[in-house]
Amino acid sequence: MTSRSGGIQRGHRSSTARGRISAPPPTLRRSSAGSPKHDAGGRVRVAVRLRPQNQEEMVEDADFADCVELQPELKRLRLRKNNWDFDTYEFDEVLTEFASQKRVYEVVAKPVVESVLEGYNGTVMAYGQTGTGKTHTLGRLGEEDTSARGIMVRSMEDILASISPQTDSISVSYLQLYMETIQDLLDPMNDNIAIVEDPKTGDVSVPGATSVDIRDEHSFMELLRLGEAHRIAANTKLNTESSRSHAILMVQIRKSVVESGAETNNSSHVDKSFKPLVRKGKFVVVDLAGSERVHKSGSEGHVLEEAKSINLSLSALGKCINALAENSTHVPVRDSKLTRLLKDSFGGTARTSLVVTIGPSPRHRGETASTILFGQRAMKVENMLKIKEEFDYKSLSRKLEMQLDAVIAENERRQKTYKDELGRVSIEAQKRITEAERNCIHAFEREKLKYQMEYMDSVKKLEEKLMNGQSEHGHNVSAVKPCNRQMNGSEEVMELKRLLQNETRLRQEAEEEASRFRSQLEQFMHSEDGSVLEIFNLRRMLEDEIDQKRKLEEELAILRSQLLQSTYNSDQMRRGGNGDGFSGLDSLMSQFRNSQLNETGNGQKAPMTTLFEQVGLQKILALLESEDASVRIHAVKVVANLAAEESNQQRIVEAGGLTSLLMLLRNFEDETIRRVAAGAIANLAMNESNQELIMAEGGIGLLSMTAADADDAQTLRMVAGAIANLCGNDKLQKRLRSEGGIKALLGMVRCGHSDVLSQIARGIANFAKCESRASTQGRKTGRSFLIEDGALPWIVQNANNEAAPIRRHIELALCHLAQHEVNAKDMIDGGALWELVRISRDCSREDIRTLAHRSLSASHTFRSEMRRLRIEL
């Protein structure tokens, strides 16, 4: 039979006696537009390694065959279930107990190391039961026998052989994750290291860890010895040196490469074809602590606590791999620090190889099967490999500095040659200039003497002509002078009169202008006096208005206080006087309003415990009946928050809080009040004694009514959660069904919201479990109430739901229903048999898988139908 599955096919496993092997699923390739040329998809590669039998197993398992059969040539593993049945699995590599450490390194880790040297991130990890050889595979130093060296030492040898000490660098950090705390194995005092995630690239790093530069293999071996000395180990029944922490070796590699381009510039001394790059790779080796069962390892005390922490972190890792293998939208990476550290290794950008180690003993078949299934799921995880390289500015700077030094030296040589030539030319030019100046001075002296002689001759000639001219015109000059004096005097008098007239006219115009300005100034002064008076009057009127407004505000405040006092007195009279239970009610309302303002204003909520101690439970419950809608809503929120703590639940019920909450469901149609009240009732319904009180006061009827009327998903989730809690009480089964509890749960299916469906599935699982227990104890006979109320079709429909919480609860419900023969016929007719067979084979939880198998095997009706359909378990 081919099992139905809603996720990715479990394509590496076949579970038939004939050993048919299904074809492996096609490798998924993810790509995006604009991604770098080096991006590529890469599935997690998984190899399985079998440990040889130890002395104890040779003695105790002498009469039993090994539970594991390897077929390395087919890369196949067969896990024996019994003498005639087995399961077959395929892996990327199958390593027998005789496989050498060198072969393990070459098939598991060497491809990852080569990718890291090319600029990718890489991870090698070992997973398996305690004592199956994980640390031997990864961390064996091989000091006495070099052939026994593990993956850590061999990978570092290859890395050191592939780098240049002058241009490349290697730094190593060695950590352990112990009890959910990251500790530095190289510096034990550094015992609480934080994990940092780059918000842009998503890369995970531990910047607080000690980082040591490695130059040779000897320094690396010393580092490993130091780390192993600080790693925590303990003696258990399964392993005398059992690691109690996860060890993480981080190797950071920076390798310089040179790429040549086609562009060159002949006019420049800088060669543009030289493109120095730095490729950064991170190589992580993870030696996981072994998974173990407490009853087999014999852990006690602190060792038991260590085992719990190890199993929790490995469980979180398994959940993440399950989510990635099923292409789930949510991967719970933050459930453990281990999963945060390995975020890039599973579903990230690193090339990852996983070696799962198993033992041959049939006594540990369950642990071996769990380890194999972990490896199978890991093979379905796809990583998007991405090269990490950046421009090598330092190398380019060194090359440019060398070129610049050569240019400077050449320039200095040219400058010296130029200065020498310039000095020679300057000396020669100076000689020519001196000669030219000397010749020029001689020529100038000659010309100067010549012109001086000519000048003297000209002066003598002019003096002679002047003397002759004065003697000829002496008489004419003496006759003209008196006439000229007379004419000049009359002209001066006329000019003075004209100037005097102009001055007189200008003075008259200035006096007229001054008188005009005086009159305008007087008019302006009169108008200004009137404006000042008007402004003064307006200011006085404004002050009167302000006084009147202040008086009105005082009167209004007095009237408001009187109104509040009257309202308070009427409320007290209406409630029956001034009892102690309602004293200070107005103060309490003020406190709730203030806390509500704080919540909506500055984002700070008043602490519920402080408010509970200061105000008192009775006053808080009294506010549930307040006429102020905002106060009533805030009060029911306070009660819901108080009910979430188990220490407050009994006090709330004794003070009548349960009755008040049920009254809110009955009397108020406000969606917020109904949602919060239902949530508070759901919190109270977690207590078994409160469950009977809720039923006694008609709570299931009110919850059913609310479920029928409400459309809000959050309200329905609260109601479904409350009914689901009531379904877990054995004493309330019949009454819960008779008052419509099952019908109410099925009615809320209409919402379709995953949170609501999860609560419905939980309630059905609780009801089926209690009903099965009652049938086993003889307190119930006949068909299941769930089947009679029509829940089976919805159960079958959601048995393979994509949401894990819904699927898990429905699978449990089917298993509980199948435990009783009276339900078998209806379940076969409803198609539940197929789902039970699927659960018995493919369910991720071993306890549910075992329960389904036991239920099918114990039922005569189921066995007959499976024989008819030729279905084998």
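Placed from the backbone N, Cα and C atoms, the Cβ positions cover glycine too.
Copied from TrEMBL, the annotated features are:
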BINDING   Gly128, Gln129, Thr130, Gly131, Thr132, Gly133, Lys134, Thr135  ATP binding site
COILED    493-562  coiled coil
DOMAIN    43-381  domain 'Kinesin motor'
REGION    1-43  region 'Disordered'
REPEAT    615-657  repeat 'ARM'
REPEAT    656-699  repeat 'ARM'
The repeat 'ARM' (656-699) - residue tally per DSSP class, helix then strand then coil: 35 helix, 0 strand, 9 coil
Least buried by Cβ count (within 10 Å) of the binding-site residues Gly128, Gly131: Gly131
Neighbour count (Cβ, 10 Å) for Thr132 (ATP binding site): 28
Within the predicted model, mean pLDDT of the repeat 'ARM' (656-699): 83
Nonlocal neighbours by CB distance (under 8 Å) for Gly133 (ATP binding site), same chain, sequence gap 6 or more: Arg49, Arg51, Thr357
